[in-house]
Amino acid sequence: MIPAPTRVRPTPRNVALGEAVRFGLLGAHAPVIGLLDVDGVLRAVDELRTAFEPAPVLHTFAAKACALVPVLRLMAQAGMGCEVASAGELHLALAAGFPPERLILDNPAKTVEELRFALTRGIAINLDNFQELARVDALRSEGVGTGAPIGLRVNPQVGTGSIGAMSTATQTSKFGIALGDPGAVNAIVAAFAQRPWLSRLHAHVGSQGCSLELMAAGIKATYKLAEHINTLLGRFQVRSLDIGGGLPVNFADDEVKPTYADYVDVLRARVPGLLDGRYTLLTEFGRSLVAKSGTVASLVEYTKTSGGRPIAITHAGAQVATRTVFMPNAWPLRVGAHDANGRPKEGPTVPQDIAGPCCFAGDLTAVARPLPLLEPGDVVALHDTGAYYFSTHFAYNSLPRPAVYGYRVGEDDRVRFAPIRDAQSIGELVQEGGDEHGDSLVGLLDPAPEESEPAG
Ligand SMILES: *Cc1c(COP(=O)(O)O)cnc(C)c1O
């Protein structure tokens, strides 16, 4: 018996794509845009919070995953804190309205002025190394500081995930103090012994490509170090543990896996005591909170075949999908083929290359991908690009940053859009290219002006 056809409800992504075309957000004047599913983001925040309950946790959003003020403000309003790792991210977070006590400063190369700013404003800091600790000592001796938590980042050296460049807890990682190195643990204990104001340990094992077991092993080493310090010092000095982010995202289909609940299960099994409430926990998830809610949508400008291979030339390449283009094996993306109205294309699939607009041969977001044959005017969607894609622009070929919109799909499939970031204008691009100094180099070719004669 053939079952009666049921109407499959289109995904929010597909509804939004169609409406983005109909409303003219995506079109000849704006051939590439970013889209963010607001309800998807809020659902992820909710899943994160629920997974850790009832442990005392401050969940922070790693700003670098999507450093756009409206996104950060949405996170702030949803009760999140924010992890920042540069002066730029810090000021975006402040502009978004995060109270200082919900911020964590993690830059690997903090300047004295950045440390002073955080100390003065009551922003928690995770220190990366002993030299930085000495700088904080000096600032504190000047009376700078408010009592906001200060922690030390450790590198538990638990090894590499599937993407070396994203693994922060390798033997020789540049991050934190390497726990296994000779004398490191003793030096850390001494640092805490001498400074009762040091109250936190921080570890972030990696970002995408690390198994839950590897992440939990890093947290376990950090937890054991906290217990060791507190036992040796005979006081509960390490009060909070920042367990970082790094939950991997599934880029293969729409399923969310692993979930935050899966991760918490592994943490409970591998690090008994971690969630029992003695320690306040902090998390710093980025990718897993926003990746699956984002889409890069581009028009197909031209199509051709080369060496028999069909190629669709789009406006989304390395400028919005940098990692995918340069490391295609580590960062493959799903590509959706849509018609000129934004509706999913039907028909037999043909292996096609999906190319971007950049002037280098490797500017491909997919190679030999089986998709219904694309035509000029069609729409291509890069799925799961809410983190580290449209928000992490690469300025190659002076391509402008595309506009980004948030959206909500109502019960009736009505879509409401809100601007997150305007497209960069050509004027802004020219300005960014040093236009105000236009004459400077030509001016250097002129003879040097005579030194003016000293008066007298
Ligand atoms: C990048 C980063 C994060 C976030 O990593 P995700 O993989 O996006 O969750 C958290 N903490 C630190 C210190 C980071 O560098």
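The backbone N, Cα and C atoms fix where each Cβ goes, and this holds for glycine too.
What TrEMBL records for this protein:
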ACT_SITE  C359  active site, proton donor
DOMAIN    41-291  domain 'Orn/DAP/Arg decarboxylase 2 N-terminal'
DOMAIN    292-386  domain 'Orn/DAP/Arg decarboxylase 2 C-terminal'
MOD_RES   K64  N6-(pyridoxal phosphate)lysine
REGION    432-456  region 'Disordered'
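Within its own chain, the region 'Disordered' (432-456) is flanked in space by residues 395, 398, which lie at least six positions past its ends and keep a Cβ under 8 Å from the stretch. Distance between Cα atoms for C359 (active site, proton donor) and K64 (N6-(pyridoxal phosphate)lysine): 27 Å, as a whole number. Its own atom aside, the Cβ of K64 (N6-(pyridoxal phosphate)lysine) has 21 Cβ atoms within 10 angstroms in the protein chains shown. Helix, strand and coil counts under DSSP for the domain 'Orn/DAP/Arg decarboxylase 2 C-terminal' (292-386) come to 7 helix, 45 strand, 43 coil. A helical conformation is recorded for K64 (N6-(pyridoxal phosphate)lysine) in the three-state DSSP classification. Each residue in the region 'Disordered' (432-456) gets a DSSP state, and the totals come to 9 helix, 0 strand, 16 coil.
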